[in-house]
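According to Swiss-Prot, the disulfide bond annotation covers 45-59, 52-63, 58-77. What Swiss-Prot records for 1-22 is signal peptide. Marked as site 'Critical for insecticidal activity' by Swiss-Prot: 51, 68, 76.
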């Protein structure tokens with residue numbers, strides 16, 4: 001085994017040991033349930049002033065009737 005190969009082996013070994021010790025320290029803990037729900041809701045909810053068929057799909061959690069550009073009343077997220 002020459003010097004370059006030995007250096008590469010030591011580098012890989014140090015990386016593996018570093019990953020294992022980081023895992024033992026809790027660096028890879030999963031999200032709490034509430035955090036996961038908040039992230040999911042943010043990625044799937046309807047933003048403000050967008051049409052909303054259901055109140056629960058809005059990021060704010062509520063819809064109201066508002067006039068659109070044609071003067072018609074449509075439900076939009078608050």
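Cβ coordinates are placed from backbone N, Cα and C, and glycine is handled just like the others.
Recorded residues residue 63 (disulfide bond) and residue 76 (site 'Critical for insecticidal activity') have their alpha carbons 5 Å apart, per Cα-Cα distance. Spatially, by CA atoms, the recorded positions 45, 58, 76 include one closest to residue 51 (site 'Critical for insecticidal activity'), and that is 76. Comparing the Cα of residue 59 (disulfide bond) with the Cα of every entry in 52, 68, 76, 77, these being the recorded positions, the smallest distance points to 77. Candidates 45, 52, 68, 76 (recorded positions) were compared with residue 58 (disulfide bond); those inside 10 Å Cα-Cα are 45, 52, 76. Using a 10 angstroms CA-CA radius around residue 76 (site 'Critical for insecticidal activity'), the recorded positions that qualify from 45, 52, 68 are 52, 68. Under a cutoff of 8 A between CB atoms, and with a sequence separation of 6+ in the same chain, the neighbours of residue 77 (disulfide bond) are 46, 47, 48, 49, 50, 51, 52, 57, 58, 59, 60, 62, 63.
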